[in-house]
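In Swiss-Prot this protein carries:
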COMPBIAS  335-349  compositional bias 'Low complexity'
DISULFID  Cys17-Cys279  disulfide bond
DISULFID  Cys100-Cys179  disulfide bond
CARBOHYD  Asn13  N-linked glycosylation site
CARBOHYD  Asn173  N-linked glycosylation site
REGION    335-377  region 'Disordered'
SITE      Trp83  site 'Required for APELA and APLN/apelin-13 interaction and signaling'
SITE      Arg166  site 'Required for APELA and APLN/apelin-13 interaction and signaling'
TOPO_DOM  1-28  topological domain 'Extracellular'
TOPO_DOM  53-62  topological domain 'Cytoplasmic'
TOPO_DOM  85-97  topological domain 'Extracellular'
TOPO_DOM  124-144  topological domain 'Cytoplasmic'
TOPO_DOM  163-196  topological domain 'Extracellular'
TOPO_DOM  222-244  topological domain 'Cytoplasmic'
TOPO_DOM  269-287  topological domain 'Extracellular'
TOPO_DOM  311-377  topological domain 'Cytoplasmic'
TRANSMEM  29-52  transmembrane segment
TRANSMEM  63-84  transmembrane segment
TRANSMEM  98-123  transmembrane segment
TRANSMEM  145-162  transmembrane segment
TRANSMEM  197-221  transmembrane segment
TRANSMEM  245-268  transmembrane segment
TRANSMEM  288-310  transmembrane segment
Amino acid sequence: MEDDGYNYYGADNQSECDYADWTPSGALIPAIYILVFLLGTTGNGLVLWTVFWSSREKRRSADIFIASLAVADLTFVVTLPLWATYTYREFDWPFGTFSCKLSSYLIFVNMYASVFCLTGLSFDRYLAIVRPVANARLRLRVSGAVATAVLWVLAALLAVPVMVFRSTDIPENSTKTQCYMDYSMVATSNSEWAWEVGLGVSSTAVGFVVPFIIMLTCYFFIAQTIAGHFRKERIEGLRKRRRLLSIIVVLVVTFALCWMPYHLVKTLYMLGNLLHWPCDFDSFLMNVFPYCTCISYVNSCLNPFLYAFFDPRFRRACTSMLCCDQSGCKGSPHSSSAEKSASYSSGHSQGPGPNMCKGGEPMHEKSIPYSQETLVD
């Protein structure tokens with residue numbers, strides 16, 4: 001990334017400060033990266049398996065965003081072993097210039113794609129719950145596919161500067177090869193900071209601030225609609241009301257907690273070129289930035305749990321799918337069992353009961369508008 005925590009050395013604006021004593025954890029950070037890699041590949045792989053395992057007829061527009069989000073996170077986490085090695089070797093890149101460019105590019109493409117997919121999913125939930133009739137045509141599967149394609153193209157274009165400017169080099173008085181952003185092809189040594197600040201601030205605006213505002217707005221109106229609806233319901237609806245509202249809060253808060261420290265510290269550090277922070281504060285930013293990066297990366301392995309397993313219907317769908325694979329339920333994977341597993345993506349379908357794999361009939365719940373709408377409709 002142009003400002004992703006792997007370019008810790010050689011910043012022009014901090015050259016007057018002494019960082020001789022600064023060393024990030026050579027064991028903790030790689031361990032976190034590997035843990036995120038393991039959880040992310042498993043979780044996102046399970047999400048993709050479940051989505052594509054369901055029957056095509058039962059899929060909804062949100063399934064496209066869910067699958068795309070899982071692909072984005074999966075592609076992101078598979079690059080983490082490279083960065084874990086880089087960090088463990090005390091920022092010595094052994095994989096060559098091309099892999100430096102490509103892995104950095106993939107990280108940024110999928111960071112943007114992941115954020116955009118979350119935003120698209122939030123907007124899809126807004127249409128499904130707040131404006132289900134007036135915007136029905138916008139929620140067709142073909143519209144979701146087109147929107148997802150546009151989001152991926154936009155993410156790929158926004159990440160182009162990383163592919164262009166990423167390079168490897170051995171700094172003076174060092175024997176370690178760094179994978180860093182090199183602006184020398186377009187700027188002088190005195191103006192490279194302007195490129196760094198410009199690209200860094202723009203990536204924060206496009207990759208965090210604007211999407212977060214959109215998500216927050218969508219979930220505000222969703223919560224308002226759900227709360228207004230359940231005021232008319234009896235006591236049995238309170239539990240579902242509390243569950244739906246808690247999911248909304250968890251989604252928004254988790255996204256903010258994972259990404260806000262990274263973007264905040266990154267922006268403050270880069271603004272040191274203009275504001276000339278004291279060396280103590282600048283050293284503090286440099287020390288905490290690698291750990292803020294780790295926290296943001298953790299979001300890629302949390303998404304499957306938050307957007308899938310946190311939803312009881314999706315959890316039952318996974319259980320039904322695995323149980324049917326082992327004991328053999330009636331119907332093919334793309335018929336009865338698949339229709340049950342797809343219930344997480346249908347806002348008005350009946351969820352399978354806990355005894356589904358034992359041959360019993362599904363337990364039907366009372367149909368309550370909106371209470372059957374999930375965040376992964």
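Cβ coordinates are placed from backbone N, Cα and C, and glycine is handled just like the others.
Features as recorded by Swiss-Prot, highlighted on the structure.
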residue: Trp83; record: site 'Required for APELA and APLN/apelin-13 interaction and signaling'; DSSP class: helix
residue: Cys100; record: disulfide bond; DSSP class: helix
residue: Arg166; record: site 'Required for APELA and APLN/apelin-13 interaction and signaling'; DSSP class: strand
residue: Asn173; record: N-linked glycosylation site; DSSP class: coil
residue: Cys179; record: disulfide bond; DSSP class: strand
residue: Cys279; record: disulfide bond; DSSP class: helix
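Spatially, by CA atoms, the recorded positions Trp83, Arg166, Cys279 include one closest to Cys179 (disulfide bond), and that is Arg166. Reported as a whole number, the C-alpha separation between Asn173 (N-linked glycosylation site) and Arg166 (site 'Required for APELA and APLN/apelin-13 interaction and signaling') equals 21 Å. Touching of the transmembrane segment (288-310) and the transmembrane segment (197-221) is ruled out by the presence of fewer than three CB pairs under 8 A, sequence neighbours closer than 6 excluded. Most Cβ pairs under 8 Å to the transmembrane segment (29-52), among the stretches 63-84, 98-123, 145-162, 197-221, 245-268, belong to 63-84. Of the recorded ranges 63-84, 197-221, 245-268, the transmembrane segment (145-162) has the largest number of C-beta contacts under 8 angstroms with 63-84. For Trp83 (site 'Required for APELA and APLN/apelin-13 interaction and signaling'), the nearest neighbour among the recorded positions Cys100, Arg166, Cys279, judged by Cα separation, is Cys100. Fewest other C-beta atoms within 10 angstroms, among the disulfide-bonded residues Cys100, Cys179, Cys279, are seen around Cys279.
Listed in sequence order, Cys100, Lys101, Ser104, Tyr105, Cys179, Tyr180, Met181, Asp182 are the same-chain residues at least 6 apart in sequence whose CB falls under 8 Å from the CB of Arg166 (site 'Required for APELA and APLN/apelin-13 interaction and signaling'). Within the same chain, residues 1-3, 108, 111-112, 115-116, 118-119, 122-123, 125-126, 130, 158, 161, 248, 251-252, 255-256, 259-260, 263, 266-267, 270-271, 273-274 sit at least 6 positions outside the transmembrane segment (197-221) and bring their C-beta atoms closer than 8 Å to a C-beta of that stretch.
Considering other CB atoms within 10 Å as the measure, the emptiest surroundings among the recorded positions Trp83, Asn173 are those of Asn173.
This prediction places the mean pLDDT of the topological domain 'Extracellular' (85-97) at 91.
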